[in-house]
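What Swiss-Prot says about this one:
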- HIS73: heme binding site (BINDING)
- 1-15: topological domain 'Cytoplasmic' (TOPO_DOM)
- 37-61: topological domain 'Extracellular' (TOPO_DOM)
- 83-92: topological domain 'Cytoplasmic' (TOPO_DOM)
- 16-36: transmembrane segment (TRANSMEM)
- 62-82: transmembrane segment (TRANSMEM)
- 93-115: transmembrane segment (TRANSMEM)
Amino acid sequence: MVEMESAKSVLEPLAWLMQMITGLLMILLVTAHFYVTHMTTHDALRYAEVVERVAQPEFKALYALLLLAVSFHAFNGLRAILLDTNAGMRKKGAVSALTTLAFLLAFFYGLYLLFSI
């Protein structure tokens, strides 16, 4: 029987800590996003309202931080899943490089879209 390792044992301590921090940060930011878009007014989801809201610097900062947290959390989690496999552990450097590259591409593309509004 193959013994499985937990994500905590596969990830380095800093990567595991960042996974926990980004998870908690996402709870706060998604709650704020949900409140603003669904609880304040029924017009909050109209295109004009969304563009007006996202044009404000504080909302750009909120969404940029949410984008950073979600992107890191997703690709760090994917890295942990891949490192749980035998093939992933044999190619640990490649797995780390590819997931880091994917994180950076997703984050910077998201920033480009956010700031092009």
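Glycine too: its Cβ is placed from the backbone N, Cα and C atoms.
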**Q.** Structural state census, the topological domain 'Cytoplasmic' (83-92) (DSSP three-state)
**A.** 7 helix, 0 strand, 3 coil
Q) Helix, strand, coil residue numbers for the topological domain 'Extracellular' (37-61) per DSSP? A) 20 helix, 0 strand, 5 coil
**Q.** Contacting positions for the topological domain 'Extracellular' (37-61) when only residues 6+ beyond its ends and CB under 8 Å are counted
**A.** 114-115, 117
Q. Mean pLDDT for the topological domain 'Cytoplasmic' (83-92), as a whole number?
A. 88
